[in-house]
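**Q** I'd like to ask you about the structure that follows.
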Amino acid sequence: MAVKRDYYEVLGVQRNASQDEIKKAFRRLARQYHPDVNKAPDAEAKFKEINEAYEVLSDPEKRSMYDRFGHAGPTAAPGFDPFASADPFSSIFETFFGGTMRGTQRGPQRGADLRYTLSISFEEAIFGVEKTIEYRRMETCPACRGSGAEPGTEPVRCPKCGGLGEIRQRAPLFNMVTVTTCDMCRGEGTVIAIPCRECRGEGRIRQTRKITVRVPPGVDSSAQIRISGEGDAGPRGGPYGNLYVVIDVQPHPFFIREGNDIILELPLNVAQAALGTEVDVPTIEGTERLHIPPGVQNGAVFRIRGKGAPFLRSSGRGDQIVVVRVVVPTNLNDHQRRLFEELARSLENEPIGNQRDEGFFGRIKNALGL
């Protein structure tokens, strides 16, 4: 029976080496003796020896046992490996089915979702628009195709869990077995012995992405547009996540949006309000002629049908709500003052203050049916 070499000697480290030093030594030797890279006849045997040494020395509990008892372990029974994972179910499986029971390994993980805030104008929100955006995301490494391993090599079986993706430990009391995800391979069952130079073993690289986003008519601020598959790439070749484009509509100089209705304040002077007039009212599509009857009051509301924002999930559009604002002059010349004084005398017997004023916002609520 061949005598096993000292594990510290195999990795070329001191007995008081730190975990970081042990890990660096393992990576260096694994790269040197990996069978896909080193074609020497004894390369595979040396690679297995390096994996075995690292499996023990990278685990504090196994390393402590090895430091105390060496290869034999505390119970030097022939054929007994004190550093093998305690898995009573595995031996039963092998007895009946001639195979090895493997722990449940995680499949490819989906990449993270990303968010992008897209600023658009008021008009673009009403009519819709196509915008080209540019953002950064993680993409699958083209060199290793997401595996993380140097091209021409493959990930190797995890030396800590033996490829199970989990660690089984027998509790000293109650004869129970606890199962935890392997912290070395993170449940994948394999580790990267020779990392890809392009992505440094990550399997992904950060790239700039440029795409065209179609913004539908009638969209409003805080709306989200989901673009499938445009988020980050998943680790180890996993599928891409989604990109969520969050809409930010810039305010308009004089239009205010309320749901699918568009509100406009229309300033009128005192004469126009008293005598009535015809005015060209600006809308999102141009101007509309609006008749203002004589005696219109401040805060009066007029509705122009079908001149609001389109409904997102159905046909039709909202309305434009025109709210009258009577502007009282503040600087009168002598002639205007005399005219107002004469008007005031003629209105001395007219009742005032006996009408309930609902206020500006009250009138708008009534117009909107709120």
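Cβ coordinates are placed from backbone N, Cα and C, and glycine is handled just like the others.
Here Swiss-Prot flags C141, C144, C196, C199 as Zn(2+) 1 binding site. Among the features that Swiss-Prot reports, Zn(2+) 2 binding site is placed at C158, C161, C182, C185, with the record citing sequence analysis. The domain 'J' annotation in Swiss-Prot covers 6-70. According to Swiss-Prot, the feature repeat 'CXXCXGXG motif' maps to 141-148, 158-165, 182-189, 196-203. The annotation zinc finger is assigned in Swiss-Prot to 128-208.
I'm curious about the neighbourhood of these features; can you describe it?
**A** DSSP assigns C196 (Zn(2+) 1 binding site) to coil in the three-state reduction, outside any helix or strand.
Residue density at C182 (Zn(2+) 2 binding site): 22 other Cβ atoms are found within 10 A of its Cβ, drawing on all protein chains shown. In the three-state DSSP classification, C182 (Zn(2+) 2 binding site) falls within coil.
Looking just at the repeat 'CXXCXGXG motif' (141-148), the mean pLDDT is 92.
For the repeat 'CXXCXGXG motif' (196-203), same-chain residues at least 6 beyond its ends with a Cβ under 8 Å from one of its own Cβ atoms are 140-144, 146-151, 235-237.
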**Q** Can you give me the Cα-Cα distance between C144 (Zn(2+) 1 binding site) and C185 (Zn(2+) 2 binding site) in Å, rounded to a whole number?
**A** 18
**Q** Within 10 Å of the Cβ of C144 (Zn(2+) 1 binding site), how many other Cβ atoms can be counted across all chains shown?
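**A** Summing over all protein chains shown, C144 (Zn(2+) 1 binding site) has 27 other Cβ atoms within 10 Å.
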**Q** Can you check what DSSP calls C158 (Zn(2+) 2 binding site), collapsed to helix, strand or coil?
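**A** Where C158 (Zn(2+) 2 binding site) sits, the three-state DSSP reduction gives coil.
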**Q** On the DSSP side of things, how many residues of the repeat 'CXXCXGXG motif' (141-148) fall into helix, strand and coil, could you say?
**A** 0 helix, 0 strand, 8 coil
**Q** Would you list the DSSP helix, strand and coil counts for the residues of the zinc finger (128-208)?
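**A** Split by secondary structure, the zinc finger (128-208) comes out as 0 helix, 33 strand, 48 coil.
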**Q** Which sequence positions outside the repeat 'CXXCXGXG motif' (141-148), separated from its termini by at least 6 residues, show Cβ-Cβ distances below 8 Å to it?
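**A** Long-range Cβ neighbours of the repeat 'CXXCXGXG motif' (141-148): 154-155, 192, 195-199, 201-205, 233-238.
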